[in-house]
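Notes to accompany the following structure.
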Amino acid sequence: MHVFLKSPHPEVSEVAVAQGGEHSAYNWKPILWALLAFGVFLRLFHFFDNRSLYIDELFLGASLVKMSFAELAQPMLEYEQKAPLGYLWMSRLAVVLFGTGEMALRLFPLLCGLASLFVFLPVARYFLRPLGVVVAVGVLAAAPPIVYHAVEAKQYSTEFFATVLILYLYIRFHDKKDIKSLLLWGLSGAVILWFSFASIFVLAGMAFGVCLSYIFKRDWQLLFRAMIPFSMWLFSFALNYFLFIYQYADSEWLMYWFEVRNSFMPLPPTSVADLKWFFLKAFSILHHPLGLSWYDLPPYHNPIVRILSRVSVFPLIILGVGLVSYFKKDRRLFMILLFPLLLTMLASGLRMYPFMDRLLIFLAPLLIIFVAQGSDRATRFFPASAKWRYLLPALLLLGPLANSTNLLINTHLFGEYKKSFQRETLSFINERYQEGDVVYIYWNNLVGYRFYKDTEGLKYDAIEGNDYRTKAKNLQEYYRLLDADIAALKGNKRVWLVYSNGRGFNIGDFDEQPTWYYTEDNTRKILYDKFDAMGNEVDSFLRPDVNVHLFKMEKKLK
């Protein structure tokens, strides 16, 4: 571990040297170690808290617990899921070694999250002065979205770590001229591409930045040598693309899902509404994935009011200062850090990559460096004797530190709407199940039931409710078909009803279609009322995402 606590190269970057050294007089190590320790603690705490899998984790986890390594290399996983082969195999290995529980599925993301903390330290020390290093490590350690993805059974923590590792490899190899080093650089980047789809944006942006810097300097020999690692990256991506990625062509329903959430950049922008997209995305990035918000109002509030509640203007200004500072001091590093963002935006404009929260987690290390640079530079606007100037970085870190501390106390808020109680709900039934009981799972909660039925060994076989949305033409017809399912439960003494509190969807559904079903928001209440009309409720287990009711039905059915 000691190797990561020093810069992996004897020199720091020119931009770091040019910024001056008054902050170096302070001993930042205690704060730095405290932030690293806090980051490790946060990740381990939420990992061992072992919450239930959220629906997105369930979708991917269904393949990881059932499929072999060879089957995971096939083009289509269950529920039309997509993930890099390297991530799938490492997660499957964890399942083989440690079982099908949540912690096994989250083990590889956790290891990537922990590794990111320590590998990012020498990266930050290369790009930033000591105060900037503290800010950068503080954001990475405590930002709630970054912590969440580090203990999520999805590939996003690996995407984040891939970017950190790419930056680390850059500072190790960018100035090497021997063939062996260039081949090692190329091979390392080529392997990373099999663990992270989005790493192509970072590698391509880095390649463009390095090549342009050589072209500006007319250094044709170094430009030619740089083609060795860059061509290896290109070959690896092409191989990955033709073997796997092209088969993952997004379905029309999924593209529509992203479109209604404004995940594609207007290209070109032709209206005020299009320009508003850039404004809102700039602020949304500060919230997720950077986690610099102070407080976040629910989505139904006005977007401007939500931005103000997050206190997002201040970090946006700091980000701008960082961008300008890097542009002035080191154009090459500026391009290397910025080009991946620009390429991602271009891909979004071409409808090739959605520009939204978790899918941008791989950009977070790059943006954190800009923010940390801006924070460090902003303190220099004030006299060195003015100790209060350190309030600027302190205020920047206040949001993520306070919010992550709050999530240690209120674990039910961790992940915001992604907090799930699927396992607890189904275990509640399992512990109270009596011979002769009937368990009815409404169609909108079948994914959770099917997963935990296999992994938890539930002792009951539930009746899986039919989804009549495609057969019915309106709500009245839908409820008539549903009544037939419910009527079949008559004659049983005790019936358990399980349903998700969300309106539900199935993979392949167009967003909120059919409209007659989604315009009516009380379908779950009507479902409950139908059961309640047939029996007396004697027990329940109510949680934000899923409800369980036990009805004793014999009296009303006689």
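Just so it is clear, glycine is given a Cβ too, placed from its N, Cα and C backbone atoms.
Positions annotated as domain 'Glycosyltransferase RgtA/B/C/D-like' by TrEMBL: 83-236.
For 31-48 (among others), the entry in TrEMBL reads transmembrane segment. A Cβ distance under 8 Å defines the sequence-distant neighbours of the transmembrane segment (31-48), meaning residues of its chain 6+ beyond its ends; these are 103, 106, 110, 113-114, 117-118, 121, 133-134, 137-138, 140-142, 147-148, 150-151, 401, 404, 407-408, 411, 414.
Annotated transmembrane segment per TrEMBL: 107-124 (among others), in sequence order. Remote same-chain residues near the transmembrane segment (107-124) are listed as 1, 4-8, 32, 36, 39-40, 43-44, 47, 87, 90-91, 93-94, 98, 132-133, 136-137, 140-141, 146-147, 149-158, 160-161, 164-165, 167-168, 171, 365, 369, 372 (criterion: CB distance under 8 Å, separation of at least six residues from the stretch ends).
Same-chain residues lying 6 or more positions outside the transmembrane segment (131-150) and placing a CB less than 8 Å from one of its CB atoms are 23, 26, 28, 31-32, 35-36, 38-39, 42-43, 46, 109-110, 112-114, 116-117, 120-121, 124-125, 156-157, 160, 287-292, 357-358, 361, 364-365, 368-369, 371-373, 375-376, 379, 390, 393, 396-397, 400-401, 403-404, 407, 414-415, 418. Annotation comment: TrEMBL describes 131-150 (among others) as transmembrane segment.
What TrEMBL records for 156-171 (among others) is transmembrane segment.
According to TrEMBL, the transmembrane segment annotation covers 183-216 (among others).
Residues or ranges marked as transmembrane segment in TrEMBL: 222-246 (among others).
Non-local neighbours of the transmembrane segment (307-327) in the same chain are 15, 19, 282-283, 286-287, 290, 292-297, 301, 333-334, 337-338, 367, 369-375, 377-378, 392, 395-396, 399; each lies 6+ residues outside the stretch with a CB under 8 Å from one of its CB atoms. Under the heading transmembrane segment, TrEMBL lists 307-327 (among others).
Positions annotated as transmembrane segment by TrEMBL: 334-353 (among others).
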Quiz item: Cβ pairs under 8 Å with the transmembrane segment (156-171): which stretch of 183-216, 222-246, 334-353 has the most?
Solution: 183-216
Quiz item: Any residues 6+ beyond the ends of the transmembrane segment (334-353) with a Cβ under 8 Å from its own?
Solution: 127, 163, 170, 198, 201-202, 204-206, 208-210, 212-213, 255, 263-267, 323, 326-327, 359-360, 363, 366-367, 369-370
